[in-house]
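A.B. asks: Here it is: the structure, laid out below.
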Ligand code: AMP
(Lines of atoms letter the chains of each structure in order from A and count residues from 1; the text may use other names and numbers.)
(Lines give C-alpha, C1' and ligand atoms only; values in the text may rest on other atoms or scores of the structure.)
Protein backbone atom coordinates (compact mmCIF):
# COMPACT_ATOMS: atom_id res chain seq x y z
CA UNK A 1 0.00 0.00 0.00
CA UNK A 2 1.38 3.39 -1.04
CA UNK A 3 1.26 6.19 1.50
CA UNK A 4 0.67 9.60 -0.03
CA UNK A 5 0.66 12.88 1.85
CA UNK A 6 0.55 15.53 -0.88
CA UNK A 7 -2.14 16.57 -3.33
CA UNK A 8 0.39 16.44 -6.18
CA UNK A 9 1.43 12.92 -5.16
CA UNK A 10 -2.20 11.76 -5.12
CA UNK A 11 -2.93 13.40 -8.48
CA UNK A 12 0.12 11.74 -10.07
CA UNK A 13 -0.81 8.36 -8.56
CA UNK A 14 -4.39 8.45 -9.79
CA UNK A 15 -3.41 9.81 -13.21
CA UNK A 16 -1.10 6.85 -13.72
CA UNK A 17 -3.79 4.43 -12.57
CA UNK A 18 -6.32 5.93 -15.00
CA UNK A 19 -3.83 5.79 -17.86
CA UNK A 20 -3.26 2.12 -17.09
CA UNK A 21 -7.01 1.64 -17.53
CA UNK A 22 -7.66 0.99 -13.85
CA UNK A 23 -10.88 1.83 -12.09
CA UNK A 24 -10.29 4.05 -9.09
CA UNK A 25 -12.38 3.88 -5.91
CA UNK A 26 -12.16 6.52 -3.17
CA UNK A 27 -13.11 6.01 0.49
CA UNK A 28 -12.98 9.32 2.39
CA UNK A 29 -12.61 8.95 6.18
CA UNK A 30 -11.46 10.81 9.26
CA UNK A 31 -9.59 7.76 10.58
CA UNK A 32 -9.84 5.84 13.87
CA UNK A 33 -11.00 3.10 11.56
CA UNK A 34 -13.48 0.37 12.43
CA UNK A 35 -15.40 -2.32 10.56
CA UNK A 36 -17.82 0.30 9.14
CA UNK A 37 -14.95 1.99 7.31
CA UNK A 38 -13.34 -1.30 6.28
CA UNK A 39 -16.61 -2.42 4.73
CA UNK A 40 -16.38 0.63 2.43
CA UNK A 41 -12.83 -0.33 1.45
CA UNK A 42 -13.95 -3.91 0.75
CA UNK A 43 -16.89 -2.72 -1.35
CA UNK A 44 -14.51 -0.48 -3.30
CA UNK A 45 -12.08 -3.32 -3.78
CA UNK A 46 -14.86 -5.51 -5.22
CA UNK A 47 -15.49 -2.90 -7.98
CA UNK A 48 -12.15 -1.17 -8.52
CA UNK A 49 -8.51 -2.16 -9.05
CA UNK A 50 -7.26 0.91 -7.22
CA UNK A 51 -8.71 1.78 -3.81
CA UNK A 52 -7.62 5.04 -2.26
CA UNK A 53 -8.62 5.63 1.36
CA UNK A 54 -8.17 9.12 2.73
CA UNK A 55 -7.67 9.89 6.39
CA UNK A 56 -8.10 13.53 7.23
CA UNK A 57 -9.72 15.02 10.32
CA UNK A 58 -11.22 17.93 8.46
CA UNK A 59 -11.26 21.05 10.64
CA UNK A 60 -13.78 22.90 8.47
CA UNK A 61 -16.57 20.42 9.17
CA UNK A 62 -16.32 20.71 12.97
CA UNK A 63 -18.48 23.41 14.49
CA UNK A 64 -17.16 22.52 17.94
CA UNK A 65 -13.42 23.09 18.60
CA UNK A 66 -13.42 20.65 21.52
CA UNK A 67 -14.91 17.89 19.37
CA UNK A 68 -12.14 18.50 16.79
CA UNK A 69 -9.43 18.46 19.47
CA UNK A 70 -10.72 15.25 21.08
CA UNK A 71 -11.42 13.43 17.80
CA UNK A 72 -9.47 10.12 18.01
CA UNK A 73 -6.30 9.97 15.91
CA UNK A 74 -4.51 6.61 15.58
CA UNK A 75 -2.61 6.78 12.28
CA UNK A 76 -0.38 3.71 12.73
CA UNK A 77 -3.24 1.42 13.72
CA UNK A 78 -5.32 2.76 10.80
CA UNK A 79 -2.57 2.10 8.25
CA UNK A 80 -2.23 -1.48 9.51
CA UNK A 81 -5.95 -2.13 8.95
CA UNK A 82 -6.21 -0.71 5.44
CA UNK A 83 -3.89 -2.92 3.38
CA UNK A 84 -5.48 -6.24 4.44
CA UNK A 85 -8.91 -4.79 3.58
CA UNK A 86 -7.77 -4.18 -0.01
CA UNK A 87 -6.65 -0.55 0.08
CA UNK A 88 -3.91 0.18 -2.48
CA UNK A 89 -3.11 3.77 -1.44
CA UNK A 90 -3.60 5.79 1.72
CA UNK A 91 -3.88 9.55 1.37
CA UNK A 92 -3.09 11.22 4.70
CA UNK A 93 -2.50 14.94 4.13
CA UNK A 94 -1.78 17.66 6.69
CA UNK A 95 -4.22 20.52 7.25
CA UNK A 96 -1.79 22.87 5.45
CA UNK A 97 -1.71 20.53 2.44
CA UNK A 98 -5.50 20.43 2.17
CA UNK A 99 -5.98 24.11 2.98
CA UNK A 100 -2.95 26.04 1.66
CA UNK A 101 -5.12 29.13 1.96
CA UNK A 102 -8.40 29.76 3.82
CA UNK A 103 -11.42 28.79 1.72
CA UNK A 104 -14.06 31.42 1.01
CA UNK A 105 -16.46 29.44 -1.19
CA UNK A 106 -19.78 28.59 0.49
CA UNK A 107 -22.13 25.78 -0.36
CA UNK A 108 -25.86 25.99 0.24
CA UNK A 109 -27.79 22.77 -0.11
CA UNK A 110 -31.13 24.43 0.49
CA UNK A 111 -33.82 22.43 2.27
CA UNK A 112 -31.50 19.40 2.45
CA UNK A 113 -29.29 21.09 5.00
CA UNK A 114 -31.89 23.09 6.92
CA UNK A 115 -32.76 19.97 8.93
CA UNK A 116 -31.04 17.55 11.29
CA UNK A 117 -27.21 17.72 11.14
CA UNK A 118 -27.31 20.83 8.94
CA UNK A 119 -29.58 22.65 11.38
CA UNK A 120 -27.77 21.49 14.52
CA UNK A 121 -24.18 21.82 13.30
CA UNK A 122 -23.99 25.15 11.44
CA UNK A 123 -21.33 25.07 8.74
CA UNK A 124 -20.90 21.30 8.97
CA UNK A 125 -22.02 20.47 5.43
CA UNK A 126 -20.12 23.41 4.03
CA UNK A 127 -16.95 21.83 5.44
CA UNK A 128 -17.96 18.37 4.21
CA UNK A 129 -18.71 19.65 0.69
CA UNK A 130 -15.44 21.59 0.59
CA UNK A 131 -13.25 18.68 1.59
CA UNK A 132 -15.14 16.13 -0.50
CA UNK A 133 -14.87 18.39 -3.58
CA UNK A 134 -11.13 18.74 -3.01
CA UNK A 135 -10.73 14.98 -2.61
CA UNK A 136 -12.74 14.33 -5.77
CA UNK A 137 -10.52 16.72 -7.74
CA UNK A 138 -7.31 15.24 -6.32
CA UNK A 139 -8.21 11.55 -6.58
CA UNK A 140 -10.50 11.72 -9.64
CA UNK A 141 -12.22 8.45 -8.64
CA UNK A 142 -14.70 6.53 -10.79
CA UNK A 143 -16.61 5.73 -7.62
CA UNK A 144 -16.66 7.11 -4.10
CA UNK A 145 -17.97 5.11 -1.15
CA UNK A 146 -19.93 6.54 1.77
CA UNK A 147 -21.80 5.01 4.73
CA UNK A 148 -25.54 5.23 5.31
CA UNK A 149 -24.68 5.81 8.98
CA UNK A 150 -24.45 9.44 7.79
CA UNK A 151 -27.69 9.40 5.79
CA UNK A 152 -27.92 13.15 5.35
CA UNK A 153 -24.26 13.35 4.28
CA UNK A 154 -24.95 10.86 1.48
CA UNK A 155 -27.86 13.03 0.28
CA UNK A 156 -25.72 16.18 0.39
CA UNK A 157 -22.80 14.54 -1.44
CA UNK A 158 -25.13 13.19 -4.15
CA UNK A 159 -26.51 16.72 -4.61
CA UNK A 160 -22.93 18.07 -4.80
CA UNK A 161 -22.02 15.53 -7.49
CA UNK A 162 -25.13 16.33 -9.51
CA UNK A 163 -24.84 20.12 -9.20
CA UNK A 164 -21.12 20.27 -10.02
CA UNK A 165 -21.19 17.47 -12.65
CA UNK A 166 -18.49 15.42 -10.97
CA UNK A 167 -17.87 12.48 -13.28
CA UNK A 168 -18.21 9.77 -10.67
CA UNK A 169 -20.71 7.53 -8.98
CA UNK A 170 -21.59 7.64 -5.28
CA UNK A 171 -22.01 4.23 -3.67
CA UNK A 172 -23.83 4.14 -0.31
CA UNK A 173 -23.10 1.17 1.99
CA UNK A 174 -25.17 -0.06 4.96
CA UNK A 175 -24.50 0.83 8.59
CA UNK A 176 -22.30 -1.66 10.42
CA UNK A 177 -23.21 -2.21 14.08
CA UNK A 178 -21.70 -3.75 17.18
CA UNK A 179 -23.32 -7.00 18.37
CA UNK A 180 -25.56 -5.01 20.73
CA UNK A 181 -26.82 -2.75 17.95
CA UNK A 182 -24.67 0.34 18.58
CA UNK A 183 -23.68 1.83 15.22
CA UNK A 184 -19.89 1.73 14.87
CA UNK A 185 -18.35 5.17 15.13
CA UNK A 186 -14.87 6.54 15.77
CA UNK A 187 -16.39 8.59 18.60
CA UNK A 188 -17.46 5.37 20.41
CA UNK A 189 -13.83 5.14 21.59
CA UNK A 190 -14.52 8.14 23.80
CA UNK A 191 -17.41 6.48 25.69
CA UNK A 192 -16.56 5.45 29.25
CA UNK A 193 -17.90 2.12 30.59
CA UNK A 194 -21.27 3.38 31.90
CA UNK A 195 -21.88 5.39 28.71
CA UNK A 196 -20.92 2.42 26.53
CA UNK A 197 -23.32 0.21 28.49
CA UNK A 198 -26.17 2.70 27.93
CA UNK A 199 -25.34 3.37 24.25
CA UNK A 200 -27.38 0.54 22.61
CA UNK A 201 -30.52 2.40 23.71
CA UNK A 202 -30.14 4.56 20.59
CA UNK A 203 -30.63 1.53 18.37
CA UNK A 204 -33.47 0.19 20.53
CA UNK A 205 -35.25 3.54 20.27
CA UNK A 206 -34.88 3.46 16.48
CA UNK A 207 -36.17 -0.11 16.29
CA UNK A 208 -39.22 0.75 18.41
CA UNK A 209 -39.85 3.87 16.31
CA UNK A 210 -39.55 1.86 13.08
CA UNK A 211 -42.13 -0.62 14.39
CA UNK A 212 -44.48 2.29 15.14
CA UNK A 213 -44.00 3.73 11.65
CA UNK A 214 -44.89 0.34 10.16
CA UNK A 215 -48.07 0.35 12.28
CA UNK A 216 -48.97 3.80 10.99
CA UNK A 217 -48.48 5.64 14.30
CA UNK A 218 -48.42 9.37 13.39
CA UNK A 219 -44.90 10.89 13.01
CA UNK A 220 -45.35 13.39 15.87
CA UNK A 221 -46.24 10.57 18.24
CA UNK A 222 -43.31 8.40 17.06
CA UNK A 223 -40.97 11.33 17.68
CA UNK A 224 -42.41 12.09 21.13
CA UNK A 225 -42.21 8.44 22.25
CA UNK A 226 -38.58 8.15 21.10
CA UNK A 227 -37.53 11.36 22.85
CA UNK A 228 -39.36 10.38 26.05
CA UNK A 229 -37.55 7.00 26.09
CA UNK A 230 -34.16 8.67 25.69
CA UNK A 231 -34.94 11.25 28.35
CA UNK A 232 -35.66 8.47 30.88
CA UNK A 233 -31.99 7.35 30.62
CA UNK A 234 -30.13 9.98 32.69
CA UNK A 235 -26.84 9.62 30.78
CA UNK A 236 -28.52 10.66 27.51
CA UNK A 237 -29.45 14.14 26.32
CA UNK A 238 -31.49 13.98 23.14
CA UNK A 239 -30.58 16.61 20.52
CA UNK A 240 -33.13 15.71 17.87
CA UNK A 241 -35.25 12.85 16.66
CA UNK A 242 -36.59 13.29 13.13
CA UNK A 243 -39.23 11.33 11.25
CA UNK A 244 -38.51 12.39 7.69
CA UNK A 245 -38.93 11.51 4.03
CA UNK A 246 -35.91 9.31 3.23
CA UNK A 247 -35.17 11.18 -0.02
CA UNK A 248 -35.96 14.82 0.70
CA UNK A 249 -35.15 14.57 4.45
CA UNK A 250 -38.05 16.90 5.18
CA UNK A 251 -40.03 16.20 8.38
CA UNK A 252 -43.27 14.31 7.90
CA UNK A 253 -46.67 15.15 9.29
CA UNK A 254 -48.12 11.96 7.80
CA UNK A 255 -47.00 9.04 5.65
CA UNK A 256 -47.25 8.87 1.86
CA UNK A 257 -47.73 5.48 0.22
CA UNK A 258 -44.59 4.24 -1.54
CA UNK A 259 -42.30 6.81 0.15
CA UNK A 260 -39.57 5.44 2.43
CA UNK A 261 -39.23 7.05 5.86
CA UNK A 262 -35.93 7.74 7.60
CA UNK A 263 -35.70 8.00 11.38
CA UNK A 264 -32.66 10.04 12.41
CA UNK A 265 -31.49 10.85 15.87
CA UNK A 266 -28.65 12.68 17.57
CA UNK A 267 -27.94 12.48 21.28
CA UNK A 268 -25.21 13.32 23.74
CA UNK A 269 -23.97 10.53 25.95
CA UNK A 270 -21.28 11.18 28.57
CA UNK A 271 -19.89 14.15 26.63
CA UNK A 272 -19.89 12.34 23.28
CA UNK A 273 -22.28 13.23 20.46
CA UNK A 274 -23.68 10.20 18.63
CA UNK A 275 -25.96 9.94 15.60
CA UNK A 276 -27.83 7.00 14.12
CA UNK A 277 -30.67 6.37 11.70
CA UNK A 278 -32.98 3.68 10.36
CA UNK A 279 -34.90 3.51 7.10
CA UNK A 280 -38.43 2.10 6.89
CA UNK A 281 -39.48 1.11 3.37
CA UNK A 282 -42.58 2.86 2.02
P1 LIG B 1 -15.93 9.18 9.26
O2 LIG B 1 -14.54 8.67 9.41
O3 LIG B 1 -16.76 9.07 10.50
O4 LIG B 1 -15.99 10.53 8.60
O5 LIG B 1 -16.63 8.19 8.25
C6 LIG B 1 -16.07 7.92 6.99
C7 LIG B 1 -17.08 7.14 6.19
O8 LIG B 1 -17.39 5.93 6.85
C9 LIG B 1 -18.40 7.90 6.02
O10 LIG B 1 -18.89 7.70 4.71
C11 LIG B 1 -19.28 7.25 7.05
O12 LIG B 1 -20.66 7.31 6.73
C13 LIG B 1 -18.80 5.81 7.00
N14 LIG B 1 -19.12 5.13 8.25
C15 LIG B 1 -18.81 5.53 9.50
N16 LIG B 1 -19.32 4.66 10.40
C17 LIG B 1 -19.98 3.71 9.69
C18 LIG B 1 -20.73 2.54 10.05
N19 LIG B 1 -20.90 2.18 11.31
N20 LIG B 1 -21.25 1.81 9.06
C21 LIG B 1 -21.09 2.16 7.77
N22 LIG B 1 -20.39 3.24 7.35
C23 LIG B 1 -19.84 4.01 8.32
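The backbone N, Cα and C atoms fix where each Cβ goes, and this holds for glycine too.
Model, not experiment: these values are computed from the prediction.
Pulled the feature table from TrEMBL, pasting it below:
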- 37: active site, proton donor (ACT_SITE)
- 30-37, 147-150, 176, 184-187: ATP binding site (BINDING)
- 61, 153: (R)-pantoate binding site (BINDING)
- 61: beta-alanine binding site (BINDING)
A.B. asks: When the number of other CB atoms within 10 A of each residue's CB is tallied over all shown chains, which of the recorded positions 37, 61, 148, 153, 176 has the maximum?
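C.D. replies: It comes out as 37.
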A.B. asks: I need the most crowded of these binding-site residues: 30, 33. Count other C-beta atoms within 10 angstroms of each C-beta and give me the top one.
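C.D. replies: Ranked by Cβ atoms within 10 Å, first place goes to 33.
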A.B. asks: Could you check what DSSP calls residue 30 (ATP binding site) once collapsed to helix, strand or coil?
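C.D. replies: SS state of residue 30 (ATP binding site) = coil.
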A.B. asks: According to DSSP, which of helix, strand or coil covers residue 153 ((R)-pantoate binding site)?
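C.D. replies: Helix, per DSSP.
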A.B. asks: According to DSSP, folded down to helix, strand and coil, what is residue 176 (ATP binding site)?
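C.D. replies: In three-state terms, residue 176 (ATP binding site) counts as coil.
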A.B. asks: Run through the Cβ atoms and count how many others sit within 10 Å of the one on residue 186 (ATP binding site).
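C.D. replies: Taking every protein chain into account, the count is 20.
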A.B. asks: Could you check which of the recorded positions 33, 36, 37, 176, 186 is the closest Cα neighbour of residue 61 ((R)-pantoate binding site)?
C.D. replies: 186
